[in-house]
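In what follows, a single structure is set out as structure tokens and then discussed.
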Amino acid sequence: MELFSLPSLFLLSTLFVFYISKFLNKRSQRNCYMLHYECFKGKDERKLDTETCAKVVERNKHLGLEEYRSLLRTMASSGIGEETYGPINVLQGREASPTLLDAYSEMDEIMFETLDKLFHKTKGFVSPSDIDILVVNVSLFAPSPSLTSRVINRYKMREDIKSFNLSGLGCSASVISIDIVQRIFETRENAFALVVSTETMGPHWYCGKDRSMMLSNCLFRAGGSSVLLTNAARFKNRALMKLVTVARAHVGAEDEAYSCCMQMEDKDGHPGFLLTKYLKKAASRALTKNLQVLLPRVLPVKELIRYAIVRAIKRRTTTKRESTSSGIGLDLKTGLQHFCIHPGGRAIIEGVGTSLGLTEFDIEPSRMALHRFGNTSSGGLWYVLGYMEAKKRLKKGDKILMMSMGAGFESNNCVWEVLKNLDGKNVWEDSMDRYPELSKIPNPFVEKYDWINDDTMSFIRV
């Protein structure tokens, strides 16, 4: 048939091979069940509202008026609310002189609080001594002994535990950790695994004046999560979800993608995290590569064939000038019901939502997680999931697509199937009734500092 282009035929043949392989391998695969997850919520005195942020900015004596205005504008339009949590040393005014103890204290609070709650809620069937696999991911802090050793020591875990300490992987490290656990599950029966995902913010607060490096101060906040997984079939009835598939894509071979999100020092020697304008393009490329692998695994064959036919027709009837269409072209709702987009920033959430043809309802959980908790790096996806559960959106049989992106540049995604109707209490318990309405209230910071949008101030320098 002339109607089908070579790419379309390749897609159809790939689908055929994939589903045959899936059928043949189904018997030998072991399931990965999620038994429980916990997210960190700081104390009220740790809240970092915009007024406090403005005071932190004022302490930076390296900023001129233009840098000051730029930073305040970013804070006011970031999509982050008044109740996110900041590192203790920043709140105490010591962001320019952090100590090793600050990093340890921040990690201990997040890791141990989430793990204590997790073990408390699962103490009827799982204890620390039952854990076979431990994966801890923290990008910017890799002490010796490792953080995994710190967890093992705290909970007196077994001598034969398999531990993995991941660093440098950015916001997508949690899905990478799940992929590691799933692969180990293929070789071990009746195993339990813990995945701890967090980041140290306090020791890495940027105190310079490079605008590309100041952005991280506006977006990143203290937070993290702990997740309990198993492949033991006897716990299926206790499980919240079952892992369907994981897909990973890495575009770091391209120099601009590799360097768009990087820890470095500015020209004055101030350490920080650089976010370049190429970040959006790198994220788009990585996500596209990832979904090309993942979506054929979870969408029905009927939708994939429809897409191939429509695409072939468009290629034959559309000129190059007319071919710049937006959207992915696939109806993701035919195989997926919920979308956990990494709450990395308002532009990321809205950009991914638009490109995938998602509605405001679909991206609401990610937007609300960003507003309430900020960008908590690799732990951010679990706050999004928690919002869905608290809103009682997750029903038995639903499938959830988790999408994460991180330094490298990588896109790591996974799909979960909900095994029961979920309505558990979590970190959203005290704020659920206020969302999403609370996010619609104008930031009070904008009115108080309305001069930041007055362009007549641009000629002034401090």
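Quick reminder: no glycine exception, Cβ is built from N, Cα and C everywhere.
Where the annotation comes from TrEMBL, it is an automatic prediction and has not been curated.
Since we're looking at a predicted model, the values are computed, not measured.
In TrEMBL this protein carries:
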DOMAIN    27-316  domain 'FAE'
ACT_SITE  Cys171  active site
ACT_SITE  His250  active site
ACT_SITE  His338  active site
DOMAIN    339-398  domain 'Chalcone/stilbene synthase C-terminal'
ACT_SITE  His342  active site
ACT_SITE  His371  active site
ACT_SITE  Asn375  active site
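Here the domain 'Chalcone/stilbene synthase C-terminal' (339-398) has, by DSSP, the following mix of helix, strand and coil residues: 38 helix, 4 strand, 18 coil. Under a cutoff of 8 A between CB atoms, and with a sequence separation of 6+ in the same chain, the neighbours of His371 (active site) are Gly79, Ile80, Gly81, Tyr435, Leu438, Ser439.
Mean model confidence for the domain 'Chalcone/stilbene synthase C-terminal' (339-398) is a pLDDT of 96.
The number of other Cβ atoms within 10 Å of the Cβ belonging to His250 (active site), over all protein chains shown, comes to 17. His342 (active site) has Cys171, Asn375 nearby among the active-site residues Cys171, His250, Asn375, counting only those with a Cα within 10 angstroms of its own Cα. With a 10 A radius on its CB, Asn375 (active site) counts 26 other CB atoms from all the protein chains. Cβ neighbour count for His342 (active site): 32 (other Cβ atoms within 10 Å of its Cβ, all protein chains included). The shortest Cα-Cα distance between His250 (active site) and any of the active-site residues Cys171, His338, Asn375 is the one to Cys171. Within the set of active-site residues (Cys171, His338), the lowest number of other Cβ atoms found within 10 Å of a Cβ is recorded at His338.
In this structure the C-alpha atoms belonging to Asn375 (active site) and Cys171 (active site) are separated by 9 Å.
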